[in-house]
């Protein structure tokens, strides 16, 4: 603490751009607030506080942030983290941070004093708001801001009642939303017209999952869960959507109300063996421009409703939702190699009519195909190109690869694919024939980016090389000047030779660099003894260098070779022939 006091005191009132303070227990909170005030008084724009001060007894003591922080006119970024809670109530309705653009809260509870809508009104320019590990109060909440562009909420419902009350989103300029929470009882207002990317992670209990799979129109909890369609409808304009396994389960309550996602290009879904895909068919049917589908796992709880999208249950309309989906690229992560997964991949290859590429990353714990790192299938577009299996390693035979391929190959003749198997430690595969233009364009762009990076690296190396050559050239000029002085003035040469002999007789083992340094010093000393004018000029130069705090420019490597040195001065001041 004394150290921090000294550091801040030594800096006086100089401006601070960023101030980060991380304190645990045992620190004097009065001094902490004094440090924070010091940074605020010096115009800090980015403030990060990690203050883990516990509450003692029954709220008999609670750390309070300094009031100056709630009315700063300079703060642009503010981050507050604590394991024991973030207390904002002291600022209350007097809070006003007119320049704040980024606000981050990370704590188990946040005491705001006002409701969220009033709280956000204190930040007229706020663009990014992050709240993690919070518990909602038992009131209706509304996230309302005209300036907000990025919002992240990781909540855990109420302390005693897990599902929160109603939550509204009135943020017309929001472009990114990450929302993780228990499903609220209602979402009365969802105004998100410019939202481009959303991440939904609903939490549900085991009892709620049972209600979702067998909904009861008279059950209050079941009815509350069904209101989630209002939030989903507000996300209709996104072009990238991330959905957790529990969220997909919840969406099965509103399959008929799922909006059409006309802008959606990329859909990421996390799967869980205990959670269902009942909403998958409706979701895929309502993505008319989907290009990329990423599935984090394939195993899920089997129900009669998921059979439209997967191969779990035999039914006449199997694959109907897939046949209307225009997805071009399918990525499957965490492939375990089970028979069920293989049949599902075959089903996807058969049913997605526009699928050009399927990529499956193997789960490293998979015993059956643990040598395979990745399986890639490229659609063959030309009828005259025969399908083939490419092996990127010699540790498995072609026969083994073809046997594995047969487990994925579509049974119908409409879709044909080349299969590439990449094993652990194998180089990336060469591009197969008949691949899509999008794939080629993507890899061409990556190659151009890499080429630009290499060009910049080459230019930097060339610059260093040129600088070294310039330094060597200047060094050669000064060495030649030194040699010319010695050659033209026999008296100096004799004196230098005498000194060198004395040094050799002492058994010196100095390096070449050290010998050159002593030679230069000896040259200057001898010249000063022989020529008084030079001695005066050398003394004046060294005095000027000391006043400037610079090294003497007659030192060994002549620190600044592009400036006049003592050797240059020696050549100018030495008597010419005939003087």
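Residue numbers in this text run from 1 along the chain shown.
Just so it is clear, glycine is given a Cβ too, placed from its N, Cα and C backbone atoms.
Where the annotation comes from TrEMBL, it is an automatic prediction and has not been curated.
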Point to revise | Annotated range (TrEMBL: coiled coil) out of 399-436, 437-474 | key: 437-474
Study note, to complete from the structure: TrEMBL record, region 'Disordered', of the ranges 352-389, 542-579 the matching one is 542-579
**Study point:** Per TrEMBL, the range holding region 'Disordered', considering 476-496, 497-517
**Key:** 497-517
